[in-house]
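What Swiss-Prot lists as signal peptide is 1-20, and the listing cites sequence analysis. Look at Swiss-Prot and you will find Cys64-Cys77, Cys252-Cys272, Cys297-Cys316, Cys308-Cys311, Cys463-Cys483 tagged as disulfide bond. Residues or ranges marked as N-linked glycosylation site in Swiss-Prot: Asn65, Asn80, Asn136, Asn359, Asn393, Asn491. Annotation comment: Swiss-Prot describes Ser169 as active site, nucleophile, evidence class similarity to another entry. What Swiss-Prot lists as active site, charge relay system is Asp193, His274, and the listing cites sequence analysis. Look at Swiss-Prot and you will find Lys325, Met326, Arg327, Lys328, Lys329, Arg330, Asn331, Ser332, Lys333, Met334, Tyr335, Leu336, Lys337 tagged as heparin binding site, backed by similarity to another entry. Positions annotated as domain 'PLAT' by Swiss-Prot, on the basis of sequence analysis: 347-482.
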Amino acid sequence: MRNTVFLLGFWSVYCYFPAGSITTLRPQGSLRDEHHKPTGVPATARPSVAFNIRTSKDPEQEGCNLSLGDSKLLENCGFNMTAKTFFIIHGWTMSGMFESWLHKLVSALQMREKDANVVVVDWLPLAHQLYTDAVNNTRVVGQRVAGMLDWLQEKEEFSLGNVHLIGYSLGAHVAGYAGNFVKGTVGRITGLDPAGPMFEGVDINRRLSPDDADFVDVLHTYTLSFGLSIGIRMPVGHIDIYPNGGDFQPGCGFNDVIGSFAYGTISEMVKCEHERAVHLFVDSLVNQDKPSFAFQCTDSSRFKRGICLSCRKNRCNNIGYNAKKMRKKRNSKMYLKTRAGMPFKVYHYQLKVHMFSYNNSGDTQPTLYITLYGSNADSQNLPLEIVEKIELNATNTFLVYTEEDLGDLLKMRLTWEGVAHSWYNLWNEFRNYLSQPSNPSRELYIRRIRVKSGETQRKVTFCTQDPTKSSISPGQELWFHKCQDGWKMKNKTSPFVNLA
């Protein structure tokens with residue numbers, strides 16, 4: 001029952017309070033005041049905002065609480081003035097306790113940056129409220145973080161440029177407020193699926209924005225699932241990365257939903273996609289040898305069509321901790337595919353397929369699969385997703401990806417699924433026969449395929465071994481081998497890849 005209420009609560013917030021309509025809640029302006037005590041938190045409770053520097057990799061160790069103005073305590077806690085400083089800011093909570101992701105992120109940062117200060121911003125008393133109240137509290141928490149940073153700046157060797165604020169969900173907007181209120185400019189803010197309800201479409205001073213730090217990078221992982229956007233959809237950083245389109249994440253699909261209902265843990269399913277942003281960031285810290293790349297694109301549809309796999313002019317970037325600051329000021333939306341678990345890295349390929357003489361096609365679209373054979377490994381049968389429709393007597397572009405590094409591609413096999421394998425194809429075949437019964441046979445002529453690797457930027461052309469045998473029909477396959485026919489082969493790698 002509690003799990004159902006969790007979903008309905010998010011839905012009511014999103015539907016009942018459309019973006020920009022909230023006036024009584026005032027997340028933007030006079031947020032009561034810095035000494036506001038939210039309902040249900042007595043004056044004798046622990047501090048509403050605490051700064052806990054983690055000095056041990058043991059999650060059971062509470063660390064050392066910093067106190068603004070207490071320089072001696074700062075020294076006793078082992079704060080390193082010249083090192084990088086990370087502030088981890090959690091989001092809204094139903095339990096009133098830290099979730100497991102926070103300990104994983106702390107540990108990953110400690111392993112990656114051994115001399116760094118890792119500070120957890122504990123605002124659980126203000127986050128363990130109704131969602132609308134927690135939203136109102138983000139501003140005051142941001143002010144407290146800014147106050148701590150202003151005090152640290154009074155120390156001779158401390159630099160705001162070494163500060164990296166990492167905020168999850170509502171915590172991302174807390175980081176935005178902190179960057180807005182602090183005296184100076186924070187080095188970097190990372191937003192991990194910033195919360196959407198009550199922030200979508202509002203003014204930049206009321207949410208995370210590119211103005212809040214020298215570099216703001218954002219991961220969006222839960223923007224459209226089930227018609228409900230828990231994470232914010234709009235771009236709010238210098239680079240906004242949408243893994244798997246920013247909606248359905250691998251491992252959080254319909255089968256997982258059924259299992260969650262059966263065991264009464266629907267809240268775990270809901271947070272699977274929302275929390276995926278955190279795990280992608282952790283992955284970038286612990287799996288340095290397998291960095292994930294994202295590619296600039298105007299929208300998810302074009303990316304799914306395989307159009308956007310270029311690294312020219314800073315059009316691709318690492319994701320997570322390894323993301324690089326872009327030279328240009330305007331926002332960049334970027335996309336990538338991932339696996340269902342760590343390491344999340346996959347290998348993207350753009351396929352440009354020349355298709356000719358698609359006889360008696362009607363409105364039927366072929367169900368095509370490609371198998372890639374490489375020097376290191378071979379792929380599975382990879383579906384060629386038809387996002388719009390097949391263009392006849394033209395070049396069609398597709399996106400496929402593999403979970404393994406195939407090495408240098410050697411050959412490939414194209415398969416047209418027969419009607420017996422798919423009820424959908426059987427219906428289309430029957431409909432096509434009714435519209436054009438005089439010539440039910442169908443053929444597709446494919447002379448060559450060009451493959452471009454997103455990760456290496458290499459381009460290789462493949463041709464049919466026998467130019468006279470380039471036709472394919474349902475239930476048949478075609479083999480392609482490396483060639484130099486039509487396209488010039490390019491083996492140059494992107495200079496960007498060397499940044500990994």
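Each residue, glycine too, has its Cβ placed from N, Cα and C.
Swiss-Prot feature annotations superimposed on the structure.
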| residue | record | Cβ within 10 Å |
| --- | --- | --- |
| Asn80 | N-linked glycosylation site | 14 |
| Ser169 | active site, nucleophile | 29 |
| Asp193 | active site, charge relay system | 28 |
| Lys325 | heparin binding site | 14 |
| Asn331 | heparin binding site | 17 |
| Lys333 | heparin binding site | 22 |
| Tyr335 | heparin binding site | 26 |
| Lys337 | heparin binding site | 23 |
| Cys463 | disulfide bond | 20 |
| Cys483 | disulfide bond | 18 |
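Candidates Cys77, Asn80, Asn136, Ser169 (recorded positions) were compared with Cys316 (disulfide bond); none lies inside 10 Å Cα-Cα. Taken residue by residue with DSSP, Cys483 (disulfide bond) is part of a strand.
Cα distances from Cys308 (disulfide bond) to the recorded positions Ser169, Asp193, His274, Lys333, Tyr335 are smallest for Tyr335.
Each of the recorded positions His274, Arg327 was scored by the number of other CB atoms within 10 A of its CB, and the lowest score belongs to Arg327. Here the Cα atom of Cys297 (disulfide bond) is found 43 Å from that of Asn65 (N-linked glycosylation site). Counted over every protein chain shown, other Cβ atoms within 10 Å are most numerous around Cys252 among the disulfide-bonded residues Cys77, Cys252, Cys272, Cys297. Here the candidates are the recorded positions Cys252, Asn331, Lys333, and by Cα distance the one nearest Cys483 (disulfide bond) turns out to be Lys333. Mean model confidence of the domain 'PLAT' (347-482) amounts to 83 (pLDDT, 0 to 100 scale).
You'll find the Cα of Cys64 (disulfide bond) roughly 13 Å from the Cα of Asn80 (N-linked glycosylation site). Counting only the Cα atoms, the space from Cys311 (disulfide bond) to Cys77 (disulfide bond) is about 44 angstrom.
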